[in-house]
Amino acid sequence: MSSKYPRSVRRCLPLCALTLEAALILLFYFFTQYDASLEDQKGLVASYQVGQDLTVMAAIGFGFLTSSFRRHSWSSVAFSLFMLALGVQWAILLDGFLSQFPPGKVVITLFSIRLATTSALSVLISVDAVLGKVNLVQLVVMVLVEVTALGTVRMVISNIFNTDYHMNLMHIYVFAAYFGLSVAWCLPKPLPKGTEDKDQIATIPSLSAMLGALFLWMFWPSFNSALLRSPIERKNAVFNTYYAVAVSVVTAISGSSLAHPQGKISMSYMHNAVLAGGVAVGTSCHLIPSPWLAMVLGLVAGLISVGGAKYLPGCCNRVLGIPHSSVMGSNFSWLGLLGEIIYIVLVVRHTIWNGNGMIGFQVLLRIGEFSLATTIALTSGLLTGLLLNLKIWKAPHEAKYFDDQVFWKFPHLAVGF
């Protein structure tokens, strides 16, 4: 006898997704136009390459990074692509509407596509905490709310604190982490008895997740430098990120071996620890004056990530119901906080070096930005979690958590489940 849960998704998903897509097409028809300026060909190619790197990070990197579940790897990869495609469309419109007053035609440029892709990346980070417990209709709601909340944070911080695009982007780590953890806290937590093994990682899916981590590792310098305008700052960001993630790999392997009683290396530790340096230096990557400092940050971040992978999953599983293998959000929250602290220290150093006496004011500004982003992330995440609990979304039953068979057609299982 087949389950009733796929049938409910079949009724809700096409209506919801296609109606939303039709609405987006109409909005693009009435309110958007392409940039008609004659851009330098060399600059156009360079800008496209950065955008291409971001798309690879999002579609392949984060898509496969979340695919380590034993019975939920198909959904993790495909749902991530679905959220990316939807999130980019909505983010382009939202960023255009919020950046101009009174609202008019949204001019689409390669830079606006890069900005929209970074907004969609926020969803791919936060969804790690809830994948396996929600269906695509709920993910549609989550994408719309989170992209809107992040766009609002960017606009408010930019207007109040006069912050540039790069600094707004670097709040994404903390924002996405706390948003995802807040949503997870509102969802049903424990798995039913007899199904606890479904949220465990398996060998082949874990290898796919490592493939995603490798793509992220290769393209993280492009992500940290994507929205910087100055060529010198972009160069510094690329160099410092490269050194930081290189040290993170060495630290991840060594720390994982050290954390195991028999000195064995854990693949689950590797998935996020190899990226730790890139997250930690993201906020200040263009300000770090020397490679040794970036390398030290990569070392510290790698140790924090390995320690978090060892000790945080038990706490997150008990309190938030997050699977032991889904520690990206909790890791990114600590690493993002470390990055914010390093940025404040470097800003203070720069202020003293230039003889500017307003050190306290600069520190208060940075703390204000961080506090505002965190507050909006927690608030909007809680509201989203409560919204996703409504019965109208036809959420999968707890017994069907972390199960591809709820959503996918398996030719060798014609009878159902």
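For all residues, glycine too, the Cβ spot is worked out from N, Cα and C.
The transmembrane segment annotation in Swiss-Prot covers 12-32 (among others).
Here Swiss-Prot flags 44-64 (among others) as transmembrane segment.
Swiss-Prot lists 77-97 (among others) with the feature transmembrane segment, giving sequence analysis as the kind of evidence.
Annotation comment: Swiss-Prot describes 125-145 (among others) as transmembrane segment. Among residues of the same chain six or more beyond the transmembrane segment (125-145), those with a C-beta under 8 A of the stretch's C-beta atoms are 9, 12-13, 16-17, 20, 62, 65-66, 69, 72, 75-76, 79-80, 82-83, 86-87, 90, 172-173, 176-177, 179-181, 183-184, 187-188, 198-199, 320-323, 326, 328-329, 332, 380-381, 383-384, 387-388, 393-396, 401-403, 406-407.
According to Swiss-Prot, the transmembrane segment annotation covers 172-192 (among others).
According to Swiss-Prot, the feature transmembrane segment maps to 203-223 (among others).
Within the chain, the transmembrane segment (238-258) has long-range Cβ neighbours (under 8 A, six or more residues past its boundaries) at 217, 220-222, 224-225, 264-266, 269-270, 273-278, 280-282, 285-286, 288, 291, 293-295, 297-299, 301-303, 305-307. Under the heading transmembrane segment, Swiss-Prot lists 238-258 (among others), citing sequence analysis as support.
The transmembrane segment feature in Swiss-Prot is assigned to 265-285 (among others); the stated evidence is sequence analysis.
Among the features that Swiss-Prot reports, transmembrane segment is placed at 287-307 (among others), with the record citing sequence analysis.
The transmembrane segment annotation in Swiss-Prot covers 331-351 (among others).
For the transmembrane segment (358-378), same-chain residues at least 6 beyond its ends with a Cβ under 8 Å from one of its own Cβ atoms are 149, 152-153, 156-157, 160-161, 163, 167, 171, 174-179, 182, 340, 343-344, 347-348, 351-352. Marked as transmembrane segment by Swiss-Prot on the basis of sequence analysis: 358-378 (among others).
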Maximum Cβ pairs under 8 Å to the transmembrane segment (172-192) - stretch from the list 12-32, 77-97, 287-307, 331-351: 331-351
Of 12-32, 287-307, 331-351, whichever stretch has the most CB pairs under 8 A to the transmembrane segment (77-97): 12-32
Recorded stretch that, among 44-64, 287-307, 331-351, has the most CB pairs under 8 Å to the transmembrane segment (203-223): 44-64
